[in-house]
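Notes follow once the structure below has been shown.
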Number of protein chains: 2
Amino acid sequence: MSIDDRIFADVCDHARKAAMLQTIADTLEWDERTGMPSAAGEYRAQQVSTLRAQVHRLRTDAKYGEQLATLSEQAAALPPHGDHAATIRELNVDFRRDSKLPEDLVQRLSLATVRGQQSWDAARKADDYRQFKPALAEILALKKEQGDRYREGSDATLYESLLDEFEPGGREAKLAEVFQELRSELVPMIEAIGRSPNQPDLQCVRGPFDLDRQRAFSHQVCESIGFDFSRGRLDETSHPFCTTLGPDDIRILTRYESTWLPGGLYGSMHEAGHGIYEQGLRADWFGLPPGSYASLSVHESQSRLWENQVGRSRAFWQWLLPQATEVLDSSLEGVSADEFYFATNAVGPSLIRVEADEATYNLHIIIRFDLERQLIAGDLSVDQLPEAWNARYESDLGIRPTSDADGVLQDVHWSAGLFGYFPTYTLGNLIAAQLFATVQAAMPDLEHQIATGEFGPLCHWLRKNVHEPGKCYRTPQLVQKVTGNDLSAAPLISYLKDKLSSLYQF
Amino acid sequence: MSIDDRIFADVCDHARKAAMLQTIADTLEWDERTGMPSAAGEYRAQQVSTLRAQVHRLRTDAKYGEQLATLSEQAAALPPHGDHAATIRELNVDFRRDSKLPEDLVQRLSLATVRGQQSWDAARKADDYRQFKPALAEILALKKEQGDRYREGSDATLYESLLDEFEPGGREAKLAEVFQELRSELVPMIEAIGRSPNQPDLQCVRGPFDLDRQRAFSHQVCESIGFDFSRGRLDETSHPFCTTLGPDDIRILTRYESTWLPGGLYGSMHEAGHGIYEQGLRADWFGLPPGSYASLSVHESQSRLWENQVGRSRAFWQWLLPQATEVLDSSLEGVSADEFYFATNAVGPSLIRVEADEATYNLHIIIRFDLERQLIAGDLSVDQLPEAWNARYESDLGIRPTSDADGVLQDVHWSAGLFGYFPTYTLGNLIAAQLFATVQAAMPDLEHQIATGEFGPLCHWLRKNVHEPGKCYRTPQLVQKVTGNDLSAAPLISYLKDKLSSLYQF
């Protein structure tokens, strides 16, 4: 028995149409976050909400669901990771989940999160959590309603039912366990680093550096590592992100600070890593599972790999220093690549997640993971949130935010309704380390290539092994297939220990 | 008999929904013209085409048409220029016209014009008309098909059926007559100016001026004359325009040249004039005739009035000179306001319409008007167009373009399917002069206000008299109501004669 080609084509057309409307909504949101006039927010929220409602109607269309059910029966004999089987399987999963939400809830969520992001942006600028609190309370109530709908007839916890959208099949207890394991290794490592007499000199990354020169520098670095500017662009926003507005329109956004070079440089490389993944997906399957990213954690592994495993390596600075001297500041001529290497691997407690070093970063994630589980479970109210946030930073990292903007208001996620999203960051770090260990073994010349600015072979390896399969494999299967092992914390821990113990001599 | 409120509300909701989808398409087009990645054009064309098809379906919905027909019968006793009567009348006219086009023609036109603009942009950059020719031929054929549909059952010429979309009720022969009348006054005036020994020194506007300073300067000028940046923004593009993406999101676009200050300054003021009109429309009627501009010619009158009647006046330079010295270039301190006044009123033949002076500008329009009528009538082929263009510039203005980019490729209009649009520019000039003569009589203090940077009263007068009525009046009725006279060429001619004869002493 084989699948009905006509039905398959119908289903693909239908899914592509929904994807196109989604890219239009995403274009409006990109615009909203790159300079839309301040008074335009209310109408923009209505526009985005209208489009999202159209997308939801298409994705939950009854006839489409019937066609998917028919195809599912026919697909049993297909190779499970082939394009056809994956298309049918993943569209089916999406249809079943989406169909659990009534249209009015989708509309209310859409409006609340568009307004929530506007409210967050204003509150962050005003450094005043109270301005954002009512919007957050509304979003939280709607997300609980959404989670309750999702988990009807399953044994998932309320939190898991939300997590599932970002990390399919992820289990709350399992995550808590892995995070605890990682933490138990990181805490003594960070303490040892704090005690080390060997500390980096940060002068070389503090500048100050002219913002226009930083822009040119980031553009050049992103292009060098493989981001294609004929199919993308690099802009600025308050919270960096990457968005896909079409098969040939991948946009990355970063932010620059005159006195902190790593902010703009690694922010750009991070988003370029996301962008290179999106540009490496198969365009002829755009809008369908084989042309979509595998999961958010795999997405994050790509951004982290370029940012950290590549961008924070000694070899990378051997290549980058002459460019930095030329484009950024000629006075850098006196600085060595090793000084930059150490300065960009400075480890220590800090308040802002997106600026955190590789070692402390996961502690930021664990705080958010714990707090959002408490919010969803109802064990923590939005009134208590800022104090709980500050208390956790004090207890876990030893520093206490003195402002909302540097504390609870620093991330866009909750204002956009993204509960269950944060853990994918740490999963991404784990996968990046495991992938990089694999590619290092496969390409003995890799370090030399990086040191000479030859990023093509690494990019090609990632394309073939990670990008081109798209969503034909779920995260655990993809990791197993590419690395030969199940996902594990060991590669990240050993990567960090090797690098940091040599720099800090512990 | 009165109208049925429920039906009226239904019709308004329906029209507003179509308007919202249109603003979404316009947002995508704004993005396309402000930096979309070069490879993204094909998918963007599909997105815009999908939205336009949705708009067309709404605007030609059978039930909506029936409701409009019912309301039209009920509306006979309403005051004709009231919000309700105007809404019903104008939506009806639009419905009847839109219903004449089959959906597939709308789709083909949409795709052809999106691709046409991409092709035009590339051809213009490459200075090669041949790259654009196939796209133009396709658009022209589709426009003829569209015109033939529109004029079924009417006595309109093919050209008039297209003109009607931009200037409702405009007659080809009448336009040709008015243009000829204007031309007969302008030609001897321009000759007299050419013979005058009194010529301006252009050094003060040639700079060169730093582009970033020009950006800041234009921003400041637009804000001063009344453009509200909380409800709009100013960007750059190859062909300046103004677009309305929502009731509080009006975007204007200009371009700067380092060695020609009037290009960026008056380009910005021109678009700001359009933007101030859009910002002055009643937001509570957004998407409906009472909250829409009256016609393109009235729109152009607002841009021209700020650009020319205000921006090219002696009083304006008395106010602007200190700002120019501060923001633009401190070395301007030695230049007098009178020198700027004369330099920015330099008159002489030139190749580029958007940079032309007030006197020669209409000759540019007449050339386009004549050529597009010939193209539509089939008396001129796309092969012959560049030579015909160059020949007319040589015969009418005495100069011949040496490149396509400075000739036939300079305007975006035809690539966007805008045949019948150009004449509205000259109509706008006529209306601007007539309105300004009226406001001068009504506000004897106007010149002093301009000289002291007090633009509020003029802005307020335009809001009350021109903006707030929206489309409740057609162009001829609005002109009659506001100025007390029918539209006439006399105010423009006497305005130009007064100003230029005093500067050039003829």
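Each residue's number is its place along the chain shown, starting with 1.
Note that Cβ sites are derived from N, Cα and C of the backbone, with glycine treated the same way.
What TrEMBL records for B:H270, B:H274, B:E300 is Zn(2+) binding site. Around the Cβ of B:H270 (Zn(2+) binding site), the number of neighbouring Cβ atoms within 10 Å comes to 25.
The Cβ of B:E271 (active site, proton donor/acceptor) lies under 8 Å from the Cβ of B:L234, B:P240, B:F241, B:C242, B:I252, B:L253, B:T254, B:S303, each of which sits 6+ residues away along the same chain. DSSP gives B:E271 (active site, proton donor/acceptor) a helix state. According to TrEMBL, the active site, proton donor/acceptor annotation covers B:E271.
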**Report entry** Cβ-based neighbourhood (8 Å from the centroid) of the Zn(2+) site, residues B:H270, B:H274, B:E300 excluded
**Finding:** B:C242, B:E271, B:G273, B:H299, B:Q302, B:S303, B:R304, B:W306, B:E307, B:G428
**Report entry** Under 8 Å by Cβ from B:E300 (Zn(2+) binding site), counting only residues of that chain that are 6 or more apart
**Finding:** B:T424, B:Y425, B:L427, B:G428, B:N429, B:I431, B:A432
Report task. Mind giving me a neighbour count for B:H274 (Zn(2+) binding site)? Other Cβ atoms within 10 Å of its Cβ, every protein chain shown. Result -> 25
**Report entry** Per DSSP, three-state class assigned to B:E300 (Zn(2+) binding site)
**Finding:** helix
